[in-house]
Amino acid sequence: MKEKQIVVIDDSQAILMVMKTMLLELGFANVVTSSNPRKALDLISNHPEKYSAVFTDLNMPDIDGMEVIRQLGESRFSGGVCIISDMEKRIIQLAADIARQHEVCLLGNISKPIDLNSLKRALDKLQQMEERNFVHYKKMSREELHACLDARFITPYYQPKVNIYKHKVDGVEVLARICKPGVPKAILPGQFIPTAMRYNMLDEITLQILEKALDDLPMLCKEFGNNVRVSVNLSPNQLIDPKYPDTLNDMVTARGVEKSQIILEITEEFALKSTEQLESLNRFRIRGFGLSLDDFGTGFTNLQQLRNLPFTEVKIDRSLITDIHCDQFNQVVVNSLADISKKLNVTLIAEGMETIEDLHYLEHNYRDMHIQGFLICTPKPVDSLLRWYHSWANAEH
């Protein structure tokens, strides 16, 4: 991340100097500052791949921050954007929705005068975004992944979803790993999912992981109750095939499992736009599957669109959960999402829970929310998950 350049746009030379100094202090040496938004946008549009983030003032003459966001979207900028400005709560929500409409990842806002901790939080969100996009992983080759699929080395790891108020495990997310005999460490998704996406192997990974999760379901039901839900990830690209809902439906039906126990988590990495994708979402719901919008806050679904999509669950990305106890941008976006989710009777999951401070904030403000993250439990094979649960269930919370 630090090898790429960061662009700072502000009509104040003092702000530009302060931002550059702070970024240097945080280890970011490749900083481009500009008091001219047009020149900065031209620079980015010529080589968008060179830049990891844009920090822009909101109120500037000629071109304002909203116009900067719009033009970054048009140039297909894939980095993060952060607004340098004090923002009222309504403006924060509007800015976040506008960014999603233009397919731009808005990291948040930094109030003036700028402080180092606020800037660091924005950069931490940028790092989380890049980790989610598997930027820093060494990728598995096509041939090696084929061999792993043929040998059925795809292995389910489970991470629990916990009801905050009841302190109860209501569901588990199934996460794919590759476990080779004689190799002590599991191979992480960042090493093989990009390869699977590139060479059209995601469907086979999903089928293997779902089949093995269905094998484990009786054990999960015994520990967590017969209504425990199992979540499996799907890419929006997998929704394009109109036959895919029937493929998964037939597999689950053959095991005698209620479809309501299976939740399909649709990652928000791409906009859900095509007729085929929307039809597949409806087919899954008609057949009784639960649908979860994963990583909300990183992609392009705005709050109003949630009213028209058949999701039964929304998972808030960890970039909106980390530091929520002290980050106003995160608080405003999550509060708006909580309001609309309650009206739609949609379950809300906070992903990436890693600190006690953030947990206490959510416990105090959202009694109906569920949580998932390393603070509760890391992803584990089924036997390790059950050992964790026996210990956790007997502990005081």
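Keep in mind that glycine also has a Cβ here, set from the backbone N, Cα and C atoms.
Sequence annotations record features per position, and here TrEMBL assigns domain 'Response regulatory' to 5-127. Residues belonging to the domain 'Response regulatory' (5-127) score a mean pLDDT of 89 in the model.
Here TrEMBL flags ASP57 as 4-aspartylphosphate. ASP57 (4-aspartylphosphate) is surrounded by 21 other CB atoms, counting those within 10 A of its CB over all protein chains shown.
What TrEMBL lists as domain 'EAL' is 138-393.
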*Reported in the order helix, strand, coil, what are the DSSP residue counts of the domain 'Response regulatory' (5-127)?*
61 helix, 27 strand, 35 coil
